[in-house]
Amino acid sequence: MVKVLAVLYKGGQHAKDEPRMYGCLENELGLREWLESHGHTYVTTDSKEGADSVLDREIVDAEIVITTPFHPGYITRERIEKAKNLKLLVTAGVGSDHIDLSAANERKITVAEVTGSNVTSVAEHVVMTILALVRNFVPAHEQIISNQWDVAAAAKNSFDLEGKVVATIGSGRIGQRVLKRLVAFDPKELLYFDYQPLSPEVEKELHARRVESLEELVSQADVVTVNCPLHESTYGLVNKDLLAKFKKGAWLVNTARGAICVKEDVAAALQSGHLRGYGGDVWFPQPAPANHPWRDMRNPYGGGNAMTPHISGTSIDAQVRYAQGTKNIIETYLKGTKDYRPQDLIVIDGRYATRAYGADKTTK
């Protein structure tokens, strides 16, 4: 019999309103009845900060730990070192950068996530955010709820997506879906930057052209969207030096990971007008502190901010998928067969099982 620990966010009344909101503390990924019926112990919490957190107390003898990107319990080297029974780390969702993967490898702890569970959800959020920025939706909406009516104020910073150059940093499952959805808007060109090219057939289907230099990519794009994992080579990738290469007045969208962008540099670029807009739903740390500059930054026209809490990958449809995927991963572990879905594995048996992470990864 094993002990399973899950770090989830509080849902409160919302969890009662929508029982399929599996990713919250109250609905527990739908795992409690199944686990306890097989004699396992299941501990769930949202307490993850500080030495006296429930996460720190309970991880000591936990064999399986479940975390999410939406309320990440940061599984540091220190936490891994004191978790003597730890064998499996599961991300309920996609993105395991909140885990010290090197430490997990050294201990031969398996790290898995539910690959593909929310790629459609995130891609849709990216397109929505692009449109919200380009059409200057947020300031226009704010007029209405504050009982104003000033068409000129909103229209002076509103544009069409048609005819624009849109570029993605990263062309994996999400990046490709973003490009596919953007074709319908008849952009001038779709560009992508990645360490490996897409096949000629996929490039043709997506109407996409690979640019080998990141600096060249951003210098050509009216809209840049970040769709790559966070690892050593992408941490702080979008900084003041790269932002200086952007077209003046470009829009930037990031639904990947907050730490890929240097928060102060993005805020400064938006406030100066070099960036016309920045939007997304990822922050570092999460939850974002009240004084995080992305909460209230604005461009010189008073708009350009399309930030949301981390919701792109946790739509109700996505939660149903990643809850089932989490159960499948744990079920495989308990059977001892190790026949996980290959795409779900991040590290196993002391090695990286994916090219998406690792110290040898490079984007240039």
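Every residue gets a Cβ built from N, Cα and C, even glycine.
TrEMBL entries are annotated by machine, without manual review.
According to TrEMBL, the protein carries these features:
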- 35-336: domain 'D-isomer specific 2-hydroxyacid dehydrogenase catalytic' (DOMAIN)
- Val94, Asn118: substrate binding site (BINDING)
- 127-312: domain 'D-isomer specific 2-hydroxyacid dehydrogenase NAD-binding' (DOMAIN)
- Arg173, Ile174, Asp194, Pro229, Leu230, His231, Glu232, Ser233, Thr255, Asp281, His310, Ile311, Ser312, Gly313: NAD(+) binding site (BINDING)
- Arg257: site 'Important for catalytic activity' (SITE)
- His310: site 'Important for catalytic activity' (SITE)
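Feature map: annotations from TrEMBL on the structure.
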{"residue": "Val94", "record": "substrate binding site", "CB count, 10 Å": "25"}
{"residue": "Asn118", "record": "substrate binding site", "CB count, 10 Å": "27"}
{"residue": "Arg173", "record": "NAD(+) binding site", "CB count, 10 Å": "17"}
{"residue": "Asp194", "record": "NAD(+) binding site", "CB count, 10 Å": "18"}
{"residue": "Leu230", "record": "NAD(+) binding site", "CB count, 10 Å": "23"}
{"residue": "Glu232", "record": "NAD(+) binding site", "CB count, 10 Å": "13"}
{"residue": "Thr255", "record": "NAD(+) binding site", "CB count, 10 Å": "26"}
{"residue": "Arg257", "record": "site 'Important for catalytic activity'", "CB count, 10 Å": "24"}
{"residue": "His310", "record": "NAD(+) binding site", "CB count, 10 Å": "23"}
{"residue": "Ser312", "record": "NAD(+) binding site", "CB count, 10 Å": "25"}
Check: For the NAD(+) binding residues given in the record (Arg173, Ile174, Asp194, Pro229, Leu230, His231, Glu232, Ser233, Thr255, Asp281, His310, Ile311, Ser312, Gly313), what is the largest pairwise C-alpha separation in angstrom?
Finding: 25
Next item on the list: Going by Cα-Cα distance, pick out whichever of the recorded positions Val94, Asn118, Arg257 is nearest to His310 (NAD(+) binding site).
Entry: Arg257
Check: the domain 'D-isomer specific 2-hydroxyacid dehydrogenase catalytic' (35-336): mean pLDDT?
Finding: 97
